[in-house]
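A.B. asks: Pulled from TrEMBL, these are the listed features:
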- 12-32: transmembrane segment (TRANSMEM)
- 104-121: transmembrane segment (TRANSMEM)
- 141-157: transmembrane segment (TRANSMEM)
- 200-217: transmembrane segment (TRANSMEM)
- 237-257: transmembrane segment (TRANSMEM)
- 330-351: transmembrane segment (TRANSMEM)
- 363-380: transmembrane segment (TRANSMEM)
- 431-451: transmembrane segment (TRANSMEM)
- 463-485: transmembrane segment (TRANSMEM)
- 491-514: transmembrane segment (TRANSMEM)
Amino acid sequence: TVMAAPVTNDQSWFFALALGVSFLKCLLINAYHSTDFEVHRNWLALTHSLPAAQWYYEATSEWTLDYPPLFAWFEYGLSHIARFFDKEMLVVQNLNYASPATILFQRLSVIVADVVFFYAVKECCKCLREDKGKDLLGKPSFILTVLLLWNFGLLIVDHIHFQYNGFLFGVLLLSIARHFQNRHFEGALLFSILLNLKHIYLYIAPAYGIYLLRCFCFTQSNADGSLQWRSFSVVRLVTLGTIVLSTFSVSFGPFIGQLPQVLSRLFPFKRGLCHAYWAPNIWALYNIADKNHLIVCSYYERVKFKLLDINKLPKASMTGGLVQEFQHSVLPSVSPLATLICTVLSILPALFRIWHRPNGARGFLRCLVICALGSFMFGWHVHEKAILMAILPLSLLAVESREDARIFLILSITGHYSLFPLLFTTQELPIKIFLMLLFTIFSLTSLKTLFRKGGALLNPLEATYLLGLIPLELICEFVYPLTVWQKTFPFLPLMLTSVYCALGVTYAFIRLYISLLTCSDSTKKIKTQ
């Protein structure tokens, strides 16, 4: 199955959107940047100044290299351009160095690297089925382009907070597009490269593995859609294996003698279950349940019921703002193994579904989104930024299906709002609110126009929940700082944001699963070649 379609001949609107968002990114060059800015400056310095054998041992800065080797080589390449801006940024000992030239270079490196993302979005748009009778603003390709190029989360995470997610998501979307175009070897190569650029994408590797094995290595299915075992192609499997092994060999080959050290950097399990700011997932709800249990136990202790000895309970530090291991106070503490088991169990039904009833590349994409969201919901030490790994691929489905548009609105609005705490400075407050409103209003109006025949996309309960983000923002940003609790409980607004958003993300995850398990195999929203 291929998501193939004619595209309007006049593509000037695409380039206008790309240039417009690039201009906006340039306006944000002098905005606030997080510690991730220093992380990447340090990686520029150590890859430029030290031999490769020392890259994963260097520890002058606390922000040690913890990305796979291909990204380290990417930083190494950037460092040779950086020296023309300011050589001092390439000195390992210059911690927290941020001269105007350094800021300019690092910001521009992210903006230029987004060219990969632009190309990937253009390729995805070529795959969409278009209605020639519709005007430009009602075309799925136009809506998808805006949803991706002007994605609120990418704008604030990459071009204010500071990271290279646009470049990485460009590789992912290009890989997805190649699979929709039946160019599976290219898709597999691109995903192998992506895994060696940032290992967080391992979470969606099961979707790739099952899909390629079922729909590419097995070349035919029976009339009822079941597997035809005799159609297995050993040549295709060996070729795919060769592509993956070759990519990993090139990436990890120079570091083979220090593989344990590299892996210890890539998978630091001592960082704790949750990040300093809880990602809005199941563990945020688990943490708040633990806190509530502790409060209840404390109450009964005071009124002499003495169900538990409070003095013997471990003191949880989940709201202390530190990245560390901790124990829950009342509920059982969660281990990395427990999160792995929960993650695997959360994605298994989706994997079984695409194995038994693949539903082509569209079924693969839905499974990929579920794998991304399942790992976000149940993973160990999940960053709030990881929600983008589900939101961006879901954008492709949102312009093809009414139910997916509904899920996209809930997940994107909730997930994007959960990123607000990343930008906590006063001068960035109007920027994040304006950009969030801009993207949300466009998403709501464009998808409503696209699926106008079926009535409202959101039911009253869903709309009420999303509107609840407005008073939540007013309380957290404007009211709470004026109260006496601000000094005593400074992390309470973060906790409220995380828990409230976790409810929406969990609901979207459930809706996505219902959609996967109830969709008809015969329903083809995507045109086949």
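Every residue number used here counts from 1 along the chain in the order it is shown.
In case you wondered, yes, glycine gets a Cβ from its N, Cα and C as well.
Given the structure is predicted, the values throughout are model-derived calculations rather than measurements.
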A.B. asks: Decide whether the stretches the transmembrane segment (330-351) and the transmembrane segment (200-217) have at least 3 CB pairs under 8 angstroms, with pairs required to be 6 or more apart in sequence.
C.D. replies: yes
A.B. asks: Restricting to CB pairs under 8 Å, which listed stretch, 12-32, 104-121, 237-257, is in contact most with the transmembrane segment (200-217)?
C.D. replies: 237-257
A.B. asks: Test the contact criterion for the transmembrane segment (363-380) and the transmembrane segment (491-514): 3 or more CB pairs under 8 Å, pairs 6 or more apart in sequence, then answer yes or no.
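C.D. replies: They do touch: at least three Cβ pairs between the two stretches lie under 8 Å.
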A.B. asks: Where else in the chain does the transmembrane segment (12-32) make close Cβ contacts, counting only residues six or more beyond its ends and a cut-off under 8 Å?
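C.D. replies: Answer is 103-104, 107-108, 110-111, 114, 118, 122, 125, 136, 142, 145-146, 149-150, 155, 159-161, 423, 425, 427-428, 431.
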A.B. asks: Could you tell me what the rest of the chain brings near the transmembrane segment (431-451), counting residues at least six beyond its ends with Cβ under 8 Å?
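C.D. replies: Non-local partners: 28, 31, 137-138, 140, 143, 146-147, 150-152, 155-156, 160, 398-399, 402, 405, 408-409, 412-413, 416-417, 420, 423, 457, 473.
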